[in-house]
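Working notes, beginning with the structure itself.
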Amino acid sequence: MEIDLPFKVEYSKSSRASCKGCKNKIEAGILRIAAMVQSAFHDGKQPNWFHEQCFFQKQRPTSAGDIENFENIRFEDQERIKKAIDNCTTVISAGGSKKGAKRSKGENNAIKDFGIEYAKSGRASCRGCEQKILKDQIRIRKTVFDTEVGMKYGGQPLWHHVECFAQLRGELGWLDTGENLPGFQTLKSDDKADVKKALPVIKDEGVSSAKKAKIEKIDEEDAASIKELTEKIKKQSKRLFKFRDEIKNEMSKDDMVALLEANNMEPVKGDSEKLLDQVADLLTFGALLPCTDCKGRQLLFHKSGYLCNGDLTEWTKCTKLLKEPERKSCKIPGYLKYKFLKDVRKNPEVRAIRYIPPSTSTILKNISLKKGDELDGPKVKRERPPLYNIEIALIAPKEREGIVKDRISKLGGTVSTKITEKTTVVLSTPEEVERMSSRMKKAKTLGLHVIPEDYLEAVEQNGAGAINYISSMSLCDWGTDPATRITQEESKSSKSKSIYTKSVPKSMTLKIKDGLAVDPDSGLEDVAHVYVSRNKEKYNVVLGITDIQKNKNSFYKLQLLESDMKNRFWVFRSWGRIGTTIGGNKLDNFSNLVDAIVQFKELYLEKSGNHFENRENFVKVAGRMYPIDIDYAEDSKIDLSAEHDIKSKLPLSVQDIIKLMFDVDSMKRTMMEFDLDMEKMPLGKLSQKQIQSAYKVLTEIYELIQGGGTNAKFIDATNRFYTLIPHNFGTQSPPLLDTTEQVEQLRQMLDSLIEIECAYSLLQTEDSKADINPIDKHYEQLKTKLEPLDKNSEEYILLQKYVKNTHAETHKLYDLEVVDIFKVARQGEARRYKPFKKLHNRRLLWHGSRLTNFAGILSHGLKIAPPEAPVTGYMFGKGIYFADMVSKSANYCCTSHHNSTGLMLLSEVALGDMMECTAAKYVTKLPNDKHSCFGRGRTMPNPSESIIREDGVEIPLGKPITNDSLKSSLLYNEFIIYDIAQVNIQYMLRMNFKYK
């Protein structure tokens, strides 16, 4: 996969661009350098162009390898840029503090990137400890140029506490004394002394030795061969650019194209400079033969060789890179009479290459883009001040305000005179509490404690008691837990978010008309609807494409809108990157339908490569987008937790369980856990066909893993999967899918998605009965009888014992508390199970699943994975898995500290004769004399303590025993059946997972 380089160089194609430094025009034909920044308007990078001399004032490249197209500029220009990069030192050495010592030009430039001052506010955070820098505290600046903001705006100031800067100064590049920091002279005398003490001179021996090692390394290499290679590149560059200049001045574009095609080479389209490079390379070194992998005829010189620009498949670019590609002599068509063509040599020549790798920071940035930010905590550990993140509102005498504010600030707190939702506590007097002003009344309404000024003295003496003192020293008889009112610090991961993801709305409200949603960005949702033809053709399209090679995760929405009242039409389209604010939209107005349809179809063809009329037989075209099959139905507006005019006839515990199973927020949280895009793929909108296609792609990836597939095939399948199931990666690059763990995780996601789709479709079902409570309606839709058990009944106590006894020793993260037990009778299931009721070896066994899956499970029963699903994750093949240890199944409920409610099933399972296994064995068909598979684990419930019910069903509720002599790779028993009729769900338990 390509490395995303931060800079680009070329000879300007025209004089339209302006320099981002001096703001003057960049004349055509001169060298210009760009910082490549994320475009705010489309899913890709855009160049911010600079004059060569202006570029180095605003940017700090550390390697010529970071500059795209560097290898295609003149040799003398390359050398000059490399020299300028060498002058871009980012380390301020101790030399400047010596008398008479002069700094280098690079150091003088870099010293401007540092500064010291008093914090103007308390908003900025320290980049070392990640805590806020309080107002009037000393802070030190390092301006960086390699961040998203720094690249875009020519530098981003990052602030540090003095102590944190001191610990990171080697990394930040300041080895000099603190008194040489710009701004030092503005500090107070005491503060100057503190800074000098914290930042003494560091001798830069380490830097010198690094330089020395570099020189020694070069000496060890064959200096003669380096010189020879450099001379060869210089000569070749001179000859190549002689041709290039003559081609540019004399040859027409048509003749360039004809010359390339005569040599069986595909001309570059849409980039005049690259076309010039391609023709000059042909005349200098000979004609390139087609790529052996994809048969592509466009190989372009790129960094360390010739990169094929062809397509391996309609989903994947070719990744072939050749250092010495095969060539043949350049053919000159007889009708081309340019004089300089006589200088073309008969025999092809090998192009000399000097590869300059990208800088370490660029490589690391690309790795983090692929993997996502690692949450490794702050770089510097620093104790927080006692009132950190505590906002104190003052209702105090004016004469005390200044003194109190200073004390609070020194303790790390923030002060306000307004009382808001963000206020933690109010500092006031007993008299003010007695007086009960409007502000004090508001404090009471918000449940804010009122504390005296003595509180500050107590905190100054013992900072650890800051929270407890609020309650113990309170002057009022009201107040909620103050700990819940402290502002939660933003996590590192959210701080490192892109500027294009921080303001993305979590969801959007769609107004549905005739089953189709008008995009609210059009501004026409109240006056127009999506046009549907007489043939029921819906002029509403969502296209998408994910390309991990180019870090693209794009969408394109296209709608033909018709006015609700007048004979008026619009074509609306919006585009961008999924999960970000990157993108734009456009609305075109039409007075007649024919013109609107023509434009709609032209745009569809342009973006997808397919005619709108043929969309049912869509064929993916390389580099073009693919339709996402989304069915926009009316969003559910039913709030099951709200009061309803008609009372429910169900027991309260059953009502609660229905609310849980049909909780839309819970469904949305589950989808967001899987990084699914909630705007392009809202709840209940992705078609079954699309999900089945995604299953097939996962199966294909699994087979590639098993068979050792090529990287290109993994890229191809990854692009297809993420296009079918839109994911929100923000500005991060979509990860390559090439491990069984990823396949298993995504299979579980699709399993959950199917069940969520099922539950949501039940929520959408229209019901003619208006005289029924919504909870009762959804209960009826499940076609399942749920009867709560009496908590004092023998049955309840027996099942509670089953839970208590079979919690495995290795599952210590949580305890299980039984909240409710329901007797379950699914409609038609007893009849289906009847033939197996006579089978021997029937047991009551556990099955756990996500809470959001249960509406689907109860409405259609437990299911076996579809044929198109990958086999990964199924130790014993595709079947329904059960356990006799409660915690073994409980782990599949996917609960957490924050979502601690889970549902579990106890089912009567007809096991009959079991095929016993002690290690993974993928079962596609059981032997004729077996009814189920038994994965025997080393630990199991004591069989002698099992209870046999009157109907012959075994309840294995004995305490665990371990068979140390058994050689098994399984810790606990697993029971698998391959026929859904062998299951009869009998109980559902609502569990509280009490995490430790």
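Note: Cβ is positioned from N, Cα and C throughout, glycine not excepted.
Feature list (source: Swiss-Prot):
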BINDING   Cys19, Cys22, His51, Cys54  Zn(2+) 1 binding site
BINDING   Cys126, Cys129, His161, Cys164  Zn(2+) 2 binding site
DOMAIN    220-358  domain 'PADR1 zinc-binding'
BINDING   Cys291, Cys294, Cys308, Cys318  Zn(2+) 3 binding site
DOMAIN    382-473  domain 'BRCT'
DOMAIN    527-625  domain 'WGR'
DOMAIN    647-764  domain 'PARP alpha-helical'
DOMAIN    773-996  domain 'PARP catalytic'
Do you know offhand how many angstrom separate Cys54 (Zn(2+) 1 binding site) and His161 (Zn(2+) 2 binding site) by C-alpha?
32
Please classify the secondary structure at Cys129 (Zn(2+) 2 binding site) using three-state DSSP.
coil
Taking DSSP three-state, what's Cys164 (Zn(2+) 2 binding site) in: helix, strand or coil?
helix
Sort out the sequence-distant neighbours of His51 (Zn(2+) 1 binding site) for me: same chain, 6+ apart, CB within less than 8 Å of its CB, listed by position.
Cys19, Gly21, Cys22, Asn24, Ile26, Ile30, Arg32
Around the recorded Zn(2+) 2 site (Cys126, Cys129, His161, Cys164), other residues with Cβ within 8 Å of the Cβ centre, ordered by sequence, are Arg127, Gly128, Glu130, Gln131, Ile133, His160, Glu163, Phe165, Val380, Arg382
Those binding-site residues of Cys291, Cys294, Cys318 having Cα within 10 angstroms of Cys129 (Zn(2+) 2 binding site):
none
Restricting to CB pairs under 8 Å, which listed stretch, 220-358, 647-764, 773-996, is in contact most with the domain 'WGR' (527-625)?
647-764
With DSSP as the reference, give the number of residues of the domain 'PARP alpha-helical' (647-764) in helix, strand and coil.
79 helix, 3 strand, 36 coil
Run through the Cβ atoms and count how many others sit within 10 Å of the one on Cys294 (Zn(2+) 3 binding site).
19
Given Cys164 (Zn(2+) 2 binding site) and Cys318 (Zn(2+) 3 binding site), what distance in Å do their CA atoms have, once rounded to a whole number?
47
Compile a sequence-ordered list of residues in the same chain as Cys126 (Zn(2+) 2 binding site), six or more apart from it, whose Cβ lies below 8 A from its Cβ; state 'none' when nothing qualifies.
Lys132, Ile133, Arg139, Trp159, His160, His161, Cys164, Val380, Arg382
May I ask you to report the DSSP-based helix, strand or coil state of Cys308 (Zn(2+) 3 binding site)?
strand
For the domain 'PADR1 zinc-binding' (220-358), what does DSSP give as the number of helix, strand and coil residues?
58 helix, 16 strand, 65 coil
Highest CB neighbour count within 10 A among the binding-site residues Cys129, Cys291, Cys308, Cys318?
Cys308
Can you break down the domain 'WGR' (527-625) into helix, strand and coil residue counts using DSSP?
22 helix, 42 strand, 35 coil
Across the domain 'BRCT' (382-473), DSSP yields 45 helix, 12 strand, 35 coil
Whose Cβ lies within 8 Å of the mean position of the Cβ atoms of Cys19, Cys22, His51, Cys54, the Zn(2+) 1 site, other than those residues?
Lys20, Gly21, Lys23, Asn24, Ile26, Phe50, Gln53, Phe55
According to DSSP, which of helix, strand or coil covers Cys54 (Zn(2+) 1 binding site)?
helix
Near the Cβ of Cys22 (Zn(2+) 1 binding site), how many other Cβ atoms are there if near means within 10 Å?
14
